[in-house]
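Engineer: For B:92, B:97, B:133, B:137, the entry in TrEMBL reads [2Fe-2S] cluster binding site.
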Ligand SMILES: Cc1cc2nc3c(=O)[nH]c(=O)nc-3n(C[C@H](O)[C@H](O)[C@H](O)COP(=O)(O)O)c2cc1C
Ligand code: SF4
Ligand code: FES
């Protein structure tokens, strides 16, 4: 069994308290960083580790940190993104609930590395229990001298605050999050300028996901080189995967990047196979925004290679036959699920969550929801299917923030891979209201190359 | 649309204002507007919703224009702009939860409470609504109840009935 870096002590009774966390080696990285390392050395260590942002985009964290502007006389901020709203993703909630001090520890080391004297953890407002947990953990850490003035006698001061959101998926997007933190509507900003130059209150700001910040702890404890030994290729380290849908054992798992998808889905160590003895129809690998893949394509690439849980392998085949690791929110669909209904549900979600600033996103998501609704409820026309593809294309790449793409990809990929199911809804509207399409050709064997590329 | 329900003569208690005072110390001088969301949460926890009158008072407290509060309160889905039942059952209605029966749970709640989404039961005790993914898809189906956003997982029709029964017996 692989070594766990983030969840190693998750089952230790009382690990959510400072004392137990400390007894299990907690806050060592703060001592090491503040007493023996310079901020630049920490950034270098994170670069060496190859750590990539765990919030969805997978951008190298060390590089992101090195872009932070450091003008004289201006504060710098680290903001932790704990908005966790991407459907299918629930790893940050898990981490904050059960091992909150890991996030606090990571925030201290990361803030020191970036030269931030005030840092915020922006938590979605619905996670009020987690907000309470974090506030308590912060008070404990402060009491023990790990926060506040002159931490461990190093001369470094840091205040850490928890900020609640108000219920809006878009506030997970980093510039919308910054707007929200400033007490405004969560409208994404036009980039550039990037937050690294002008973020919170026009000061240089780094926004990082909860899991990214937590991963800094083992990187500092063991060294970036050790961290980089785990995983495969440019997908280094471990990753938390939130697994949901029709699985025997849904939940949060820490994997070494590079575990085969098949092993992750079917082995008893992880998800334990599809629930109720059913067969797998489709998988969304990295949160609702990434392309959905039929079972055969999630298990193997079109070149008949085993697909792995890594950034590269999941995106192998591009949008024709691949997907993305995204936030690590894996959703499994069994043979009884309706792809049209799920696509409509996701389209409804994105329409509801569009901030409304850009017309392609505001109007396009509404159109997609409407057209998918009529397909699902038996009033669709054959031309609706291409209409959806057309609307998705018109949104993609034409908006201020990536929510537009995030809304377009699930629709485009569902039609790309499950077109016959959409057509069946049009040709058999009555039947489609009574039963689902079923598994069809998606389980096995692998389709021929020509069939998946169009 | 802002609610037309009146909420006259509202005065924040000194205890509530003390909590506001604590919140605004978290931000640099002059950036107190950042306290708006946390303050609106406190107001809603106190009154069950955020009325136009309460928003005006918050604007005065933060020394910002009332419109700056309205636009925020209307943007975020957590803020109720009209009175709700004492307990608001918020059920996740997004894809992953629907794969394991969230729609059935919502239909059941509608039947049990006898009110449609967004309406309040005649005794004023309950309302319910669908909300988007609550970051708990592995424990689906799920619902939450404010103001502390207590969480109920792996819902079944039976567990929902039990929950409603338990809440009925609370004051
Ligand atoms: C619509 C949208 C929603 C997002 N939601 C989240 C989120 O809930 N949590 C998160 O960490 N990142 C989210 N992101 C990504 C952030 O914009 C940002 O890339 C991330 O917080 C950077 O942190 P990382 O480099 O540590 O991954 C979202 C992006 C978009 C476009
Ligand atoms: S793409 Fe959508 S969510 Fe993003 S800024 Fe434009 S309208 Fe808002
Ligand atoms: S879809 Fe319901 S909690 Fe995520």
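Start at 1 and count along the chain as shown; that gives each residue its number.
Every residue gets a Cβ built from N, Cα and C, even glycine.
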Engineer: Using a Cβ cut-off of under 8 Å to chain A, which of the binding-site residues B:92, B:133, B:137 qualify?
Structural biologist: B:133, B:137
Engineer: I want to check the contact list for residue B:97 ([2Fe-2S] cluster binding site): same chain, sequence separation of six or more, C-beta distance under 8 angstroms. What comes out?
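Structural biologist: Listed in sequence order: B:133, B:137, B:140, B:141, B:142.
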Engineer: With every protein chain in view, how many other Cβ atoms are within 10 Å of the Cβ of residue B:92 ([2Fe-2S] cluster binding site)?
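Structural biologist: Neighbour count, Cβ to Cβ under the 10 Å cut-off: 28.
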Engineer: Measure the Cβ-based neighbour count of residue B:133 ([2Fe-2S] cluster binding site), defined as the other Cβ atoms within 10 Å of its Cβ.
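Structural biologist: Total other Cβ atoms inside 10 Å, all chains included: 29.
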Engineer: Could you tell me which of the binding-site residues B:92, B:97, B:133 have their C-beta within a distance under 6 angstroms of some atom of ligand 1?
Structural biologist: none
Engineer: Measure from the Cβ of residue B:137 ([2Fe-2S] cluster binding site) and count the other Cβ atoms within 10 Å, all protein chains considered.
Structural biologist: 31
Engineer: What three-state class does DSSP give residue B:133 ([2Fe-2S] cluster binding site)?
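Structural biologist: Going by the DSSP assignment, residue B:133 ([2Fe-2S] cluster binding site) belongs to neither helix nor strand, so it counts as coil.
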